[in-house]
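To start, the structure under review is shown below, and the notes come after it.
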Amino acid sequence: MEGKNLLRYLFFLSAIVLLLFFTLLNLPSPPSKAELLDCTTSSLWCTSKNRIQSKNPITKPNSHTADVPHHPLDPLTLTEFNRIKKIIQSYQLFKNSVYALHSVVLEEPEKKAVLNWKKGDPLPARKASVIARASRVSHVLTVDLSTGEVTRVEKNQYSGYPTMTLEDMSSVTWAPLASADFNRTVIERGVDLIDLACLPISTGWFGKAEESRRLIKVQCYSMKDTANFYMRPIEGLTVLVDLDTKEVVKITDNGKNIPIPKADNTDYRFSVQNSYQRLVNPISIEQPNGPSFTIENDHLVKWANWEFHLKPDARAGMIISRVMFRDPSSGEMRSVMYQGFTSELFVPYMDPSDAWYFKTYMDAGEYGFGLQAMPLDPLNDCPRNAYYMDGVFAAADGTPYVRSNMVCVFESYAGDIGWRHSESPITGMEIREVRPKVTLVVRMAASVANYDYIVDWEFQTDGLVRIKVGLSGILMVKGTPYVNTNQVNEQENLHGTLLSENVIGVIHDHYITFHLDMDIDGSDNSFVNVHLQREHTLPGESPRMSYLKAVRNVAKTENDAKIKLKLYDPSEFHIINPGKTTWVGNPVGYKVVPGGTAANLLDPNDPPQKRGAFTNNQIWVTPYNKSEQWAGGLFVYQSHGDDTLEEWSQRDDPIENKDIVLWYTLGFHHIPCQEDFPIMPTVSSSFDLKPVNFFDSNPILRIPPNVEKDLPICKAASAASA
């Protein structure tokens, strides 16, 4: 085959590879539903008065054609997306040009309007914020859904491009196949074109040579004999592609002496394992009376004393808004947070070689954290009685599509204790009081190529909110000629760990930055650094020589609230409402309890770190600004770092008794080990938002303990008759 026929053949092969790739990402995993006994089936019974268990998970119909907004923050509906598409098609700017929509989301009303809105009030005008590209120019538009009016938004002249579309990511992976040089190189490396799998890798920014056009790098792998092609890199082969034209700009192959790693024992699919170990019996948490939470009008979550608005988002993954807690003493619904979400992820790899130096990903701003969210797998990603929420997004041409089961909500009980106390026999009081720790979890999982991120927002009955990130999936590995560490010269830097024959796991970091618009009993709040410092006693004052004293420092401006965590110089970090106090006079507040405290150690002048400068501190506090949501900037792709949280905070604006936003970054250092091959166990870390003088007393006090009659024991019929 030659010429056009060869090109058609290669495009056909690439389409098959892409289809297989996306299919593999959605494979189900065990255990099966049959293994998790359902107490409503005829073969099962419950020992607590034959109580019937809740049979079906809380689900919503797959069709979204009838969806209508009920809340000012409800996401755009399928009907609204279709209207936006028609409005954009007739807009003068796009009539005679090829265009692509990179983002279509609700343009949220002003915060004051949302706070003043009450159920039953008319909704504020529904508008969409649209980011589009036409003729290599990016545009930010506002579309009024009622009038059809389109307004161009004046954007600051910052560097960078919008988030890639899914069409960008998929089409660019077959672009190299149009190059005869690339095809010849792949075949010379011992890989059949039909076994090829390629990935789109953002380029970062490293100088003027990369300006004036959108560029991306493509690297490829062999799928032969395994679904886990990530373990079989064609090392050193990198293709630079123009994202707009799909033109191959440059091909580099610096790995001709590096073999393709073997496929043996790399496939992760349960269905292809030769054997398996059932080390534990299937487990399921049953709820005799059904779940305790409700979801009203698709997005308003109510559980225990909590109430909040929840929606999927193409960039952030999910957004949690208007977080309220009903005070058990007064019955008042009290504000905790206006809005919280994942703002950006920064993942720099620590290999400066030609095929790796640019791997410094911004997963939200470059790829779209929500766009990469995969359907959650019932019984494995989320337990029985979970509620599943779909995302509705727009393709590059504006056509809406549904990402099913993108977010789940469920109650969790892992045998943990919320509170307990037993009296010692010496008191003469036989008291044993325990409260189980049941929580509400909101979860999503994004599969950004090889890495999977599990993000949980966990709400507790004592008023605490835990935000947890789990890292899972598969390593991005580097090919090497080495098969054993004894071949490696002591002076040679592998930039990682030899995991298997010809496979190196490269050292890398993960930073996940959260935007937390705290509204503690109102919008005007202050940030307080409660510093623990050592004090010494006076001579003869006490047998003690030293003790710790808490010193409260209220941050006046942004610079006062830039926090680098220090183990031996500890503080607590409070967000308080200085205008409201408890009955004994303490200002009401919440504190951020740090976790996942790995700090960024890159040189501040390193180009990737300039773009990721929002990781220079673990904590920042800025004045609320509707336009400052994304820590890496609105346009992250190939940005220079001129529109980041670091840049905004240099204004050093006042933040005392103001509407403020707290930013927290979870950090992970990852030095790979052999247990990360060929798949990685999930590694998690979290931080807490914990009440601090928010309540007059502990709200868990009035929560009842479990009793036997409330918890039926379900058994298979054969076991029951034995």
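A Cβ is built for glycine as well, from the same backbone N, Cα and C atoms used for every other residue.
Here TrEMBL flags Asp363 as active site, proton acceptor. For Asp363 (active site, proton acceptor), the same-chain residues 6+ apart in sequence whose C-beta sits under 8 angstroms from its C-beta are Glu344, Leu345, Val347, Phe369, Gln372, Ala446, Val448, Tyr453.
Other Cβ atoms within 10 Å of the Cβ of Tyr451 (active site, schiff-base intermediate with substrate), summed over all protein chains shown, number 22. According to TrEMBL, the active site, schiff-base intermediate with substrate annotation covers Tyr451.
According to TrEMBL, the feature domain 'Copper amine oxidase N2-terminal' maps to 71-152. Across the domain 'Copper amine oxidase N2-terminal' (71-152), the model assigns an average pLDDT of 96.
According to TrEMBL, the feature domain 'Copper amine oxidase N3-terminal' maps to 162-261.
Residues annotated as domain 'Copper amine oxidase catalytic' in TrEMBL: 284-700.
The signal peptide feature in TrEMBL is assigned to 1-34.
Secondary structure of the domain 'Copper amine oxidase N2-terminal' (71-152) per DSSP (helix as H, G, I; strand as E, B; remaining residues coil): 21 helix, 27 strand, 34 coil.
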